[in-house]
Amino acid sequence: MSGDEMIFDPTMSKKKKKKKKPFMLDEEGDTQTEETQPSETKEVEPEPTEDKDLEADEEDTRKKDASDDLDDLNFFNQKKKKKKTKKIFDIDEAEEGVKDLKIESDVQEPTEPEDDLDIMLGNKKKKKKNVKFPDEDEILEKDEALEDEDNKKDDGISFSNQTGPAWAGSERDYTYEELLNRVFNIMREKNPDMVAGEKRKFVMKPPQVVRVGTKKTSFVNFTDICKLLHRQPKHLLAFLLAELGTSGSIDGNNQLVIKGRFQQKQIENVLRRYIKEYVTCHTCRSPDTILQKDTRLYFLQCETCHSRCSAASIKTGFQAVTGKRAQLRAKAN
């Protein structure tokens, strides 16, 4: 019974725990227990060994669990520390890089602007010193030239040594460009409308066409158009009948009666061709012209540019228009 009392004695277990707590760190419980325990353990040798073995196993398991927990904690702490060290390392590098950049910029900033300012100031000073007087002279000359041009525009007077063309007073031949300039200058002098750039349009009343019966058409305002064009009715009548390929006459109401059915557009086209050939000038396109007949030929004389050119004679009778038909067929194909 003394052995059982020793096994279940709570004081002994407490003492054993207190004795073995400092040995947990050294992990040498077996050797130290044999040295530290006195003669009390020698009295009960067989039975307490089993209890000690059980307690030692329990303590070993506890130590292993504690060591595993410590290892896990150390592992996590190492990981956390590594992460922290990495972050700190990155921040330090960034700060060092920023400091380096700041140092470089501080070193470079005072040098470059000073050089640039020195260069710019030097150039400006040189320009001001060297170009002061020529600039003023050029400005004065430009102002005087502008004033002279304004006076020329107002007065219309130009001063020049040339009294005639460029080749006058010399033995050289004139050039093609000089002749062209002379021609255009004369045209501008004679026709001031061309200088302004306004193209004069010829306005004419539209022809009034009325059907008479089933086989005839009446050109009502024939005489009015002849007066607008300043042409004789006989000449315009001959051209109309030749172009339309019909016969007709003027009745008592001064209306042109034509055989056949014709529309207003057809007569307008004929009148356009007549105006282009026998009314407008071929050089300046002015309608102020006079049609004259000389030795079986008609001549068109312009009153604005005073040019004179021949006009085609009116051909009467049947004429084959094979050329026009061939052109139309070629275009269609």
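Backbone N, Cα and C define each Cβ position, glycine as well.
Residues or ranges marked as compositional bias 'Basic and acidic residues' by Swiss-Prot: 40-51 (among others).
Summarising the annotation, Swiss-Prot assigns compositional bias 'Basic and acidic residues' to 96-105 (among others).
Summarising the annotation, Swiss-Prot assigns compositional bias 'Acidic residues' to 106-118 (among others).
Residues annotated as compositional bias 'Acidic residues' in Swiss-Prot: 139-149 (among others).
The annotation SUMO2 cross-link is assigned in Swiss-Prot to K102 on the grounds of similarity to another entry.
Per Swiss-Prot, the feature phosphoserine maps to S2 (among others); the stated evidence is similarity to another entry.
Under the heading N-acetylserine, Swiss-Prot lists S2.
Feature annotation from Swiss-Prot assigns phosphoserine to S13 (among others); the stated evidence is similarity to another entry.
Annotation source Swiss-Prot lists phosphothreonine at T31 (among others), citing similarity to another entry.
The phosphothreonine annotation in Swiss-Prot covers T36 (among others).
The phosphoserine annotation in Swiss-Prot covers S67 (among others).
Positions annotated as phosphoserine by Swiss-Prot: S105 (among others).
Swiss-Prot lists T111 (among others) with the feature phosphothreonine.
Here Swiss-Prot flags S158 (among others) as phosphoserine.
The phosphoserine annotation in Swiss-Prot covers S218 (among others). Under the DSSP three-state reduction, S218 (phosphoserine) is assigned to strand.
In this chain, no residue six or more apart from K265 (N6-acetyllysine) has a CB-CB distance below 8 Å. Residues annotated as N6-acetyllysine in Swiss-Prot: K265 (among others).
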Spatial neighbours of S218 (phosphoserine) that are distant in sequence (at least 6 apart) but have CB under 8 A: V209, V210, R211, V212, Q255, L256, V257, I258
Sequence-distant neighbours of K293 (N6-acetyllysine) in its chain (C-beta under 8 A, six or more apart): F299
Structural state of K293 (N6-acetyllysine), classified by DSSP into three states: strand
